[in-house]
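Peer 1: Mind having a look at this structure? Questions to follow.
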Amino acid sequence: MSAIKYELIKEDKRSGARVGKIITPHGEIPTPIFMPVGTRATVKAMLPESLKEINAKIILGNTYHLYLRPGDDIIKKAGGLHKFMNWDRPILTDSGGFQVFSLSKTNDITEEGVTFRSHIDGSRHFISPEKSMEIQNNLGSDIMMAFDECVPYGADKKYTKDSLEMTTRWAKRCKEAHKNTEHQGLFGIVQGGMFKDLRKQSAEQLIDLDFPGYALGGLSVGEPMDMMFDLLDYTTPLLPKDKPRYLMGVGSPDALLEGVKSGIDMFDCVLQTRMARNGTALTSAGKVTLKNAKYKEDFTPLDDKCDCYVCRNYTKAYLRHLVICKEILSSMLVSYHNLYFTLKLMENMRNAIMEDRFLEFKHEFEKEYGII
Ligand SMILES: O=c1[nH]cnc2c(CCNCC3CCCCC3)c3[nH]c(NCc4cccs4)nc3cc12
Ligand SMILES: [Zn+2]
């Protein structure tokens, strides 16, 4: 019995959009869903209670960071990541691979695994598919990601093909090393770079390994947006309809709308919280850069169409003041709103799909947001 089950509830007749739910040991997740990113066992500047207030259903944990600090062994002794961080809803952990490539200085990739130096103290470490499974098993996440190589944008076809074939071999090793299958589900990650035939090959090889869910990797890595959307439109329908699809590292409101239209169920992105700490808010009328002097005496809410705690109690002038003074509260309030805004967008998309008006909703949102 797999720990993760997906139920397809409704398919849009005019696009790939769909509503479903993912059933996990720590609760159910309505899809399409956005997953706030919790890097070091915290969604930055957010209390778990605030995350529940804004209806966050699942958050991400970061295997690379938690392995280095405090150590997955300590988190295991604490009773797992849920207990350690006081979060009793579902958690998805990444494999650690992506961070090794994007954060650590030197990394040497071999069939066996990746040798790298910690970005914290320069100490040498080695992560393999088996080691990634051991760490994620210690963290106790509901959904684990296979150890993959995210092919850099611009890699040539031969490198991309060799890499996807190694990612498939690594996925097989992950599946074989994965214990605790009753309580933790393991998702495979489709690679193949910017090449449709390689995307097909990667998808087919991973489907043969029969995972309870599939991620699309190697996207949102610097390629033009329309190239990502084209690859999305091509690759997503290749994946099984009865399993969740997770588009990694995406994204901004416009990308979320396109991803849902292609049939993606799960998203994660650091933008919402990273922009917040930099004083930029997402609103229905587009981005608001609070440092702008025009908000100095603007006593209106961040977003007059948002009913969140922040928009009901604070003005742009006040939030700008906090951002200018680098007050801690600015990160808390703008993160709260940005996550609420994004989770509310997903809920509005789910309702629109249920009422057969998804494309109309998408068009309206894009017009108001200033995308079209
Ligand atoms: O092929 C991939 N394999 C594995 N992970 C990928 C990720 C990381 C997704 N967020 C993980 C989170 C885990 C918990 C902590 C935070 C990250 C990607 N992120 C992006 N784009 C956004 C990007 C972000 C930074 C550079 S590109 N493309 C990605 C492609 C892959
Ligand atoms: Zn708000």
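Yeah, the Cβs are placed from backbone N, Cα and C, and that goes for glycine too.
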Peer 1: Starting from the Zn(2+) binding annotation in TrEMBL that includes CYS306, CYS308, CYS311, which of HIS337, HIS363 is the extra site residue?
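Peer 2: Only hit among HIS337, HIS363 in TrEMBL's Zn(2+) site, alongside CYS306, CYS308, CYS311: HIS337.
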Peer 1: Return the residue out of GLY61, GLY122, GLY218, GLY222 that TrEMBL annotates for the same substrate site as ASP94, SER95, GLY96, GLY97, PHE98, ASP148, GLN191.
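Peer 2: So the substrate site in TrEMBL includes ASP94, SER95, GLY96, GLY97, PHE98, ASP148, GLN191 plus, from the candidates GLY61, GLY122, GLY218, GLY222, GLY218.
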Peer 1: Hey, does DSSP put ASP268 (active site, nucleophile) in a helix, a strand, or just coil?
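Peer 2: Its secondary structure by DSSP: strand.
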Peer 1: Run through the Cβ atoms and count how many others sit within 10 Å of the one on PHE98 (substrate binding site).
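Peer 2: Result for PHE98 (substrate binding site): 23 neighbouring Cβ atoms inside 10 Å.
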Peer 1: Helix, strand, coil: count each for the residues of the region 'RNA binding' (273-277), based on DSSP.
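Peer 2: Summed over the region 'RNA binding' (273-277), the classes give 5 helix, 0 strand, 0 coil.
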Peer 1: Would you mind sorting out which recorded positions among ASP94, ASP148, CYS306, HIS337 put a C-beta under 6 angstroms from ligand 1?
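Peer 2: Listed by sequence, the hits are ASP94, ASP148.
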